[in-house]
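One structure below.
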């Protein structure tokens, strides 16, 4: 029934005679309920039945039989006790709201207590659950805490509980029951027989009357307020039990404690229970003195500062639940807080997490908390950003002057030993007070307030109405400070109003001035919060001076005036700004008309700021809300914000039982761990040079998270056999230099340098440029959070193309001299670290990422390009290629400082749309002046352009391309979901992390979409363009989404070298200096990047956004999103699990830093070794298809093919089949080959040879599509080898590689890249290349530099080989993981082809090509003979494999000295220091004479990467010099080496 329509009273019998115009009760046309209407006319039908035409109140007419009409009875004739029907008097009554649920009571117990249906129909499920929780504890006579987030309706839940307990019905019955007894007797109705219950509700005064209003709204409660003048009379009524609920304040409770204790309360309900947080406070003592067992606390922030507060609140509600305070501190508080340190050891972290879980279990039955995620679907989007504003020069001078005062010096030295040698601290001995007699503690708070004022606006120091206590102090400070600035003093005297409102005296005011102008243009309505009313005065005067129509609300505003202000602001368009005091406007106000919230200054308590934000961000808000928190850079305000983060993270751990991210080294209250946050030295300090402590801390955590997440995903990607050596994780990092390893070993605990952080974050353009050179000093290869996109800190869902465009641009922007795709690629290759190159995107798989020096030769096939993108111009295609590649590499090469990098889940479709064939340069150069020409050919016109660029660029490009190709291969076999097929490069990072994250936007895109397609003809032009964009957009923030799972942000690492301008044509040939193995690969991506008109429109919108606007504000130094700073992360979850396992289960690594991932127990490793050994013996030919574990293939894949072919209207995608289709086709294959189950078919595939698998694929696919038979054409017969021989050779190579890995920790990088290059060497016949068959043997295990052709080598024991290989892969993880996966659709198919082509490759590798050997120029349609060129190298140098130990280490180095090229076609690699090979290849006496210089020799040897231990390092150096005894010409016996390798491995 429509509740808004009262039900008139009618007689039981209908009236006999009706007349037109009479009032009557007629059935409603909507629901047939009787409602009042009038008779318009009366008619009789042909059957003699009488009908009345009824006119309803809504002017509807209806023909109704007269018999159905009833007479309206006057109210005066009704009996006294039936004045209204139940439905008329129901509470709550919301006429404009529909009932969310059915009108039935909610049973709380079997004895009949229930929430009345009048209330229940408006409740949400979680609110019913909360009422049930309260009722359960009430019945059992014990207390509890309801800790729901703000805005979830704790008040309504309590009222529902009270209604159930008090037996309320929400109808007329409650009215009658509330009547005095004498009236009930007159009505001949017995009073209720149930015992009367009384409840006491204690609330802050600010919400006391709000409770009264809510109780009156939701039910018929007899409520009295014990406060103010009437509290004595009301107290008498309470003693007479004439009320059911008594409302009072904390202060009144203190005054009337004895009277209230004399009463018997059914329960005490305390709102804002976090006020009971200090055990020594008077309010806590009063609350604990209340005589009531059922104590119910309501608080959304039970822990605001430290865990002691939590204990205090819980101990009040449930005395003794958490033990004594000392017990709680020892068992819970200390372990949790110390385990939350960024530098915590595994034991500290594991102990802290275990204590967290124990605490959660203890509190679970007594504490109920839900968060706003329950109602997120009813809330709009919220963007929360921290805006760091630079101080003006005047502010800096004043701030520094305050810090240099004698009083501040007294504060800073107060904890030092007294000069009188008494052994006491200065503040307790001779320096208790200053010259004015003020104690150090008083000075501490006074000067802290002064610094806060200066950080906001210098004019605040001269404002009147200062408290008497500080008046003298402030005057003295002003005299001392402003004595240096007489102009300011004089001006403020002459024109105080102008001075206060002039933004030039405040960096924040400058930002606010432009922000308000921007909001006024966009018709945004702004809520401007400030904690200080004096600051509100300044802001008010500024609004007056600017002619802004504003409203102001603070503590002095009367309650009725508040309602008027809120209504005017929400409804009036002209009023677009409201100045609100943070404390006064924090509760009970509904500013849903505002869509921009500006917090001008932070508070120490995060709850205050959150309450202020919730004034606009709440149910009822229709627009997306933007929250901007202004922070003065480098001042005490930054410490205030970071302490908020510290407290919120601690709250997440203790209250939310989350593995909260560990940002800080500090522990509150600990003298030993004051870290970055606590102690007077952190507060009374001005960070200069524009450095941002917040950025440093967030980036530090981000780098650790990136390493951990890549380590985690790597371990997932690797089959368990590969995890056998995971405990040797330092070996994984040995490929980095000693500095990097030391940094990783200390868990990245130290703050990074300002230069480094400047380049890691999105700062202003000037800072970025300044940091470019310093960035190169960072050891390459370590990746930050941004590059892998793992931390919730900065990233979110990647949705729009426009973000991708921006990231592309930001990539270009990030290197001053390399705007093309080489910039990022080069960086990664220059890293030359297995882990680092590995630590690419989360979306990539780990193929040959570990191959830092690999020669990847990318072959572009014109034919394939035409098939894939026939309609696009060459320029467009080329731009897409470079852009797509650039996108991926942006993330791959993110940061050079990450902790552990093991990438996984790489994808490829966004890679180069055109196959670009890259040849690594022959030499590297450390000298930025020396350049190597990079041959870039355009297939279309056969023009060849020499591009000047650092070898590091080309080398990294090779590495990255190799990585992506092998990642593509990896993808085939591992069951990565289809979502990972697309590399989400459109990272919406709101964090202004590195210049990569700055998401440089192509501004020209707005005017001409074509420019996005057209890549600059020369790199120089691109540099100019990027520089322009960088200047304008270095701080642009992308749209942010608060998703925790979709995290990927680009991060650019910078190089010291000046990257020369490059020209990009359709075909790019890049050379890189390599070791013996060379690889050839041709790669075709699935998807080009699309720049649509829609993306241009979106781009235009973003350009007009507030983010774009803020980016152009000069005073904005840094912006980061606050969206995902608070809370846990997947990386932290992994670290916590690993720590708990290592400490409590495996009893190992307990003192290692928790941020180091050491995995897998020894017993597990031995078990897995045994399993693998047994299985490999069974599957004697180590075929690529043999799969030992779900999702993974146990042995290296010899090759993987990625290909897209189009025949007529059908497109065949080879090697990139989506996961779901692969699974389906695998099942179809099982049926096709008449096998009983998929498992049986899998075993058959596992045991089959390469030819057999290829035949199976051919038979299956040709049965459905005969035209694909041509895809299975074998390579020339002379190259054919049996699959089993291939498999054995893979084992040998794996074993040799393993031995090298064990002896030489740093060799894994060089070998890994050699692995890729060997397999990609251009050995294939031209005919194969022309057919676009993508051939590369991705033997990730073939890291051995010299692979003999002897048959004996091929016949080594498989089990032994696999064992060594497994251990090797676990460390390096390079190509193995990627090569380990075989696409069930195309893996075997391509395997056969490439194995046939492998014989020539084997001949090539058996020659032992040196790392400096010439690189072969391979054109698109002409293949030079690499064997001939290789022979020339052998003729010059002979078998150089014996020097592998000596020269391997320098492949890890980021740079190379220049050296001469042996032939014109050879190109140099740069960014790598010179080693012996470089000197030998320099055919001049000067270079060779360097070998006689002992200093040069020592320098070369010192560049060996820091090993996992000093012992390993000594062994390494010893092996280097011992290897020289054999020198160049001694032949290498592969079988002997394999045996020695195995022994070394043992």
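Cβ atoms are placed via backbone N, Cα and C, with glycine included.
As given in Swiss-Prot:
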- 1-22: region 'Disordered' (REGION)
- 8-22: compositional bias 'Basic and acidic residues' (COMPBIAS)
- 135-320: domain 'Helicase ATP-binding' (DOMAIN)
- 148, 149, 150, 151, 152, 153, 154, 155: ATP binding site (BINDING)
- 271-274: motif 'DEAH box' (MOTIF)
- 511-661: domain 'Helicase C-terminal' (DOMAIN)
- 780-791: motif 'Atypical PIP-box' (MOTIF)
- 918-949: region 'Disordered' (REGION)
- 977: phosphoserine (MOD_RES)
- 980: phosphoserine (MOD_RES)
- 1279-1314: region 'Disordered' (REGION)
- 1283-1300: compositional bias 'Basic and acidic residues' (COMPBIAS)
- 1361-1382: region 'Disordered' (REGION)
- 1370: phosphoserine (MOD_RES)
- 1373: phosphoserine (MOD_RES)
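The structure, with features from Swiss-Prot marked on it.
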residue	record	CB count, 10 Å
148	ATP binding site	21
149	ATP binding site	17
150	ATP binding site	17
151	ATP binding site	16
152	ATP binding site	21
153	ATP binding site	19
154	ATP binding site	21
155	ATP binding site	18
Does DSSP give residue 153 (ATP binding site) helix, strand or coil?
coil
Residues flanking the ATP site, with Cβ no more than 8 Å from the Cβ centroid of 148, 149, 150, 151, 152, 153, 154, 155 and excluding those residues themselves:
300
In the motif 'DEAH box' (271-274), how many residues does DSSP assign to helix, to strand and to coil?
2 helix, 1 strand, 1 coil
What does DSSP call residue 148 (ATP binding site) in the simple three-state scheme?
coil
Please compute the mean pLDDT of the model over the motif 'Atypical PIP-box' (780-791).
40
